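Working notes for the structure below.
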Amino acid sequence: MATFHHHHHYNHQHHHHPPSTDLRRLFHRLTIASSLSILCFSLVYFFTGCCESELTENSEIRSPTSEFLVSGAGWPYERNGTSVTKESVTAAGESAFGSDHSGLEANSSGKEWTATRRLPQALIIGVKKGGTRALLEFLRLHPDIRALGSEPHFFDRHYARGLDWYRSMMPKALDGQIVMEKTPRYFVTVETPARVHAMSKDVKLIVVVRDPVTRAISDYTQIISKTPNIPAFESLAFKNRSTGQIDSLWSPLWIGLYAQHMERWLAWFPRNQIHLVSGERLISDPAGELGKVQDFLGLQRIVTDKHFYFNKTKGFPCLKKPEGSSKPHCLGKTKGRTHASINPEVIQRLRDFYKPHNQRFYQMAGQDFGWQ
């Protein structure tokens, strides 16, 4: 009887604490917990990933709409207020769509935005010290312009890298936006017109020109700031000081032979594909010059005089509110700096030297820039 009771007790115990059931239950709980945590994590990752990629893509995209609701989340996000370069697109933004893909995404209305890297449809090809940086910064205020901030020097220095490399340098743009870059050296480089034409025979070309004498002095001023020990302007400008023979091959003077350079471009492109901007008027009437450039690019005149104010100290127009900032913005210290002082007699010699070249250029341009 005792043995039976003992056996019964054992069974009773066995009923209450079977180790395998406990393990199974524990394992079951763990499985549920881990599944739930994976599910939660996935949801969080999915939502943040989505929003983040949408934000990053959109920070690259500037379109006329200034407010954009991120799908489902209802966050107002200012799309136009940033000038994000391609380097700062986060990994999430790139990986969500694959860096090689065109960045397809859907917004709340289900409409797809496609931002892609394209070859430029417009180039600011010159001239150095003419006002190309100012023009580029002013144009970047336009929501339909996507411009590369740095000078890629593709057609003059890096042509061997190929068009795919060049395209990869460009900012992403939507259909209808104009992609552009500026490299002032293009205007004077002999091989460039043919190379640009090989990329696109329809590309729009913009040249900012300025009185070649003041341009040369500005150029020389920049050279001294970088290499202080170079000879005086006069000794570089003349082959022979006593005969007054000018060294037209000295880069600061050679760049100002606009007619000579323009001729090379006109051998490849029709005159109506080249727009000339007056560097002087870009300072005295920025909105007027910008209006003509926007017309030339086939864009609505969005950048107007309300974007500028004149800075008396610099003697330069500044932007009231550049993209991505609420503060006014003037161009850097190197812009509008005081020129090296040059002997007035030398200046007169240079004016005489440039006169026939300027006249020839005015005829090609179909306009008189009124240089002395």
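Yeah, the Cβs are placed from backbone N, Cα and C, and that goes for glycine too.
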> If you look at what TrEMBL says, which of Cys51, Cys318 makes a disulfide link with Cys330?
Replying inline: Cys318
> Can you count the other CB atoms that lie within 10 A of the CB of Cys318 (disulfide bond)?
Replying inline: 19
> Under 8 Å Cβ-Cβ from Arg133 (3'-phosphoadenylyl sulfate binding site), six or more apart in the same chain: what's there?
Replying inline: Lys182, Leu331, Lys335
> In the structure shown, which of the binding-site residues Ser218, Thr338 has the fewest Cβ neighbours within 10 Å?
Replying inline: Thr338
>> Just to verify: the residue among Gly131, Cys330 with the fewest other Cβ atoms within 10 Å, which of the recorded positions is it?
In response: Cys330
